[in-house]
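As recorded in Swiss-Prot, the features of this protein are as follows:
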BINDING   65, 66, 67, 68, 69, 70, 71, 72  ATP binding site
């Protein structure tokens, strides 16, 4: 079979205007970037304000493994197959970060015959949204540092006289807004700024990856440009010496930050290999952010299509949970059904019976099975790993929506093991189970899956949130740990307890929680496979994201700036003699 890159480069593409018109967009509602990409103007929402909305399908997965489960492959394949059976369908997915592209994970355009094309354009830069987020974010960091410098240099009276601005009295050790870059770079996790004469005061700072920026979450959760402007104004950049918040609005930088992102709020339209439309917008990670594409992209697609297929990052304990408790809480758009992706390899890797260590995963040691073992039939490991799939089935079902299991078939899979797995799933709480060959067959490979999803979406949704707004922060943490992960409880550090009290006193206790934890286990510990029990979730820090509208709980050793592994992806990427990019995948 051809590589993903070869398949993409040989694809026969339609002009993106044709894709948009077929979806229901007007030519003037598309801002063209060549023939393959277009920004969608938000004026389409006004034109279609009274339009009946389609059905939203959320794709999630079992606990991820280094072998890849094929969640985006399934999302794109399902969209292609829904269109093939006569349903009007559109995919809505996130923009890939270059950190994982050059790191371990690689691109995020799907794969095989179920991918967004041209895949190299999607995986590198796209229409520049992530760069806009980085620039706007770093403007905020530069602004707070400059304000601190001038206030310290002049003092209150002289500063107000010369600048005409209010003295903010910034506490240097309480600056909360640091800098971002769209790369994995561990040496930037802890830095000092303001060093040298006329550059200070000095204070400790850091870099996060851009996908972890609150601006990325705001981009994903805003309803329109005006809403984004209000949210950016609420950003808490620092505290003053009295412990009061200093916002981007207080600093006077919110308008300029919004201006930088004025085009970034428009989703980008691309196409799949069979010409199905795909809206790509925002890129928050699911382990250190809320892990879902934008409300705006969903809203546009739902007014134009019968079915909209979106996905949450990593397993159902991560992106799906945040889709429900953060995104749906703010959008009001509940899903009609969920698709839960699994593979035989994933279940064996999640069996807890593997012993080999993956040395290429940065910061953590993750048990894995080598390729030779994982491709061989092994009923004992499969049955042990099924417990993980069954947990995820029940986890999705507790939100009141029907769940369809999609088994992403690999060429090496055993027919007997596939049959056993289908029978096991059909005896579970899942609505149905289908084998997907979308990777190898494109639209023809997920017809049965599409038909089952349509039937599942006909059931009246009983969607429910995991916890109410009015619950205390401690109660929300306990619910997420005990119900969301099956933990015995939650443990807050002294700092986290103080932060919970402070955030509640400041009026932020009603916000939902965004748990930043490892995606490689249902628990906080990546070495605990299958369905861990009797563990306590350690919360070390609570971070306010007032603009996005949630509070992040940092769990265990999770980092907001990844590092490159021993064998980074950039080693395979180059330009060939024809000037074409090679090695992406």
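The backbone N, Cα and C atoms fix where each Cβ goes, glycine too.
Everything Swiss-Prot records as a feature, shown here on the structure.
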residue : record           : Cβ contacts under 8 Å, 6 or more apart
68      : ATP binding site : none
69      : ATP binding site : 61, 62, 341, 342, 343, 346, 408
70      : ATP binding site : 111, 341, 343, 408, 436, 438, 439
71      : ATP binding site : 59, 60, 61, 311, 341
72      : ATP binding site : 93, 108, 109, 110, 111, 311
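Other Cβ atoms within 10 Å of the Cβ of residue 67 (ATP binding site), summed over all protein chains shown, number 18. Just so you know, the Cβ of residue 66 (ATP binding site) picks up 16 other Cβ atoms within 10 Å once every protein chain is counted.
Counting every protein chain shown, the Cβ of residue 65 (ATP binding site) has 25 other Cβ atoms within 10 Å.
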